[in-house]
Every structure is written in structure tokens, then in C-alpha cells.
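Listed features, source TrEMBL:
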{"type": "ACT_SITE", "residues": "73", "note": "active site"}
{"type": "ACT_SITE", "residues": "131", "note": "active site"}
{"type": "ACT_SITE", "residues": "135", "note": "active site"}
{"type": "SIGNAL", "residues": "1-23", "note": "signal peptide"}
Ligand SMILES: *[C@@H]1O[C@H](CO)[C@@H](O)[C@H](O)[C@H]1NC(C)=O
Ligand SMILES: *[C@@H]1O[C@H](CO)[C@@H](O)[C@H](O)[C@H]1NC(C)=O
């Protein structure tokens, strides 16, 4: 029973990840086009921090060997771990002026780079606009696009290096050695003082992201194993279930976690 629950959770994470990929996710948009768009609203955020080396093993990146630190994939409004609103009904767009402001005053390219177009601001715009349209709009009942990006970057400034250092300090070095998921979780929990979600890995079992749970103020972390939120009563769009395109190549180049280790239930 316990094992089953964990397997289900891992699958849910993979589905969520495959539905939240870096731009150009047209199947998801097609599916959503047939449904009414949800109103903005959510219970908490997931801050998805990418380990760039793993991302860039399966996708062409510029530069091909990125900076050795966790970067923002997105800040995602969630109802529960497996239910989240997306593409919410709103006219609020992320403007080019906001992006220029974020680049010039908020280190957007440093903390939230489009790894595929690293450093090329113009080419990266579609990634940030994609993340705002798909996820950010569902928090537009609380935040403007500028605030949403500023708060995301503030979170990354506070926690990315802490996570990296916590792993290194605990001997979890990205050198191809396999590490237990539990050891990764314990190191991160000790380093930042909060429990992240179970490790998100690709099918090769290599760590690709660390995800943190953030209250709806987009500032305060809480333990991901203490989620008590219920799904909304009205039907909300669930993520697409086509997870089959997930990359299957086995990688042992970076942090590798076995996933088989019992962690905790959510
Ligand atoms: C980016 O786009 C702006 C406006 O579209 C243009 O003025 C600028 O030259 C572009 N920058 C680069 C580096 O291509
Ligand atoms: C990687 O680092 C770990 C932890 O320091 C160490 O035990 C292991 O021998 C290293 N592996 C390689 C291939 O260097």
C-alpha cells in the first residue's frame, strides 16, 4: 500500500513535469482549448528549481554546459500536488516593458534563464511568456506579472545556492555516483529548513529538479509533507496524461537518485 502510494506519486510528478515543459507544449494547449479557462485561484505554489546540467543532457542548451546552480523553471499555483489550474481566464499579459525591467533591475537572466537560449534576452522572451500564460495567470488574483516574477526571483536568490551548498556539504556531489533519494531530501531539508517534494527525476533516475512548497504569499516556505489543501469543489482542469514522450536515456553524469528509497507520503 505504501509502495503503491509512492509509485502513484512519482507518476503524478512525471505527468506534471511533462505537462510543464520548456515552451512549445502544443498538445496541452490544444487540449485546454476545448475547455473553459479556469478563473485565477490556488492554494499554494510549487517553486520548481532545475538542475541545468540534467536538463541540458536531453535538450540543446546555450551554453551547452550551463552554470552550476539551480535555476527557476517556474512558480506554479497548485490546488493539491496533482491538481493545478493553468492558462487562467485573464487579460493580463506579461509585457516586454516588464521583462526589460526584470532584466535590468532583477537579474532575470541570472536566476530564471531560458537554458535553451542562455543570455539571449529576445530569444528567451517566449519562455517567460509561456510560464506566465500557463502558470502565472492563475495567480493574477494576487500578483501582477512584475510582482510574480520578482517574488519568484527573490525565492531563487534565497534558496538556490543554499540547496546546492547543502547537497555538496552532505557529500552529494554531481559526479555520476548514485545517491539515495532520501539522502538528497535530507540534505535539502537540513540546508533550507523545509521539506521539499520527493525528488523529481527523469526516467534515467537522474535528479532534474528540486521543488519547494511556498505559501500563497509567494514568500513563505512550508514543508511539502504537511500539505492539507483540498481540491476545489468545481471541476478543475487536470494535467494531460500523455507521459510517454518522457526521455528514456539513462544518465549517470550528475546527481543520481534511486527513487526506490522510501521517502514520505504526501
Ligand atoms: C531585441 O529586440 C529589440 C526590439 O524588438 C531590438 O531593438 C533589439 O535590437 C534586439 N536585441 C538583440 C540583441 O537582438
Ligand atoms: C563522487 O563523490 C562521492 C562523495 O564525495 C564519492 O564518494 C565518490 O567516490 C565520487 N565518485 C567519483 C566517481 O569521483
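Cβ atoms are placed via backbone N, Cα and C, with glycine included.
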Same-chain residues at least 6 apart in sequence whose Cβ lies under 8 Å from residue 131 (active site): 73, 74
C-beta crowding around residue 135 (active site), within 10 angstroms: 26
In three-state DSSP terms, the structure that residue 135 (active site) belongs to: coil
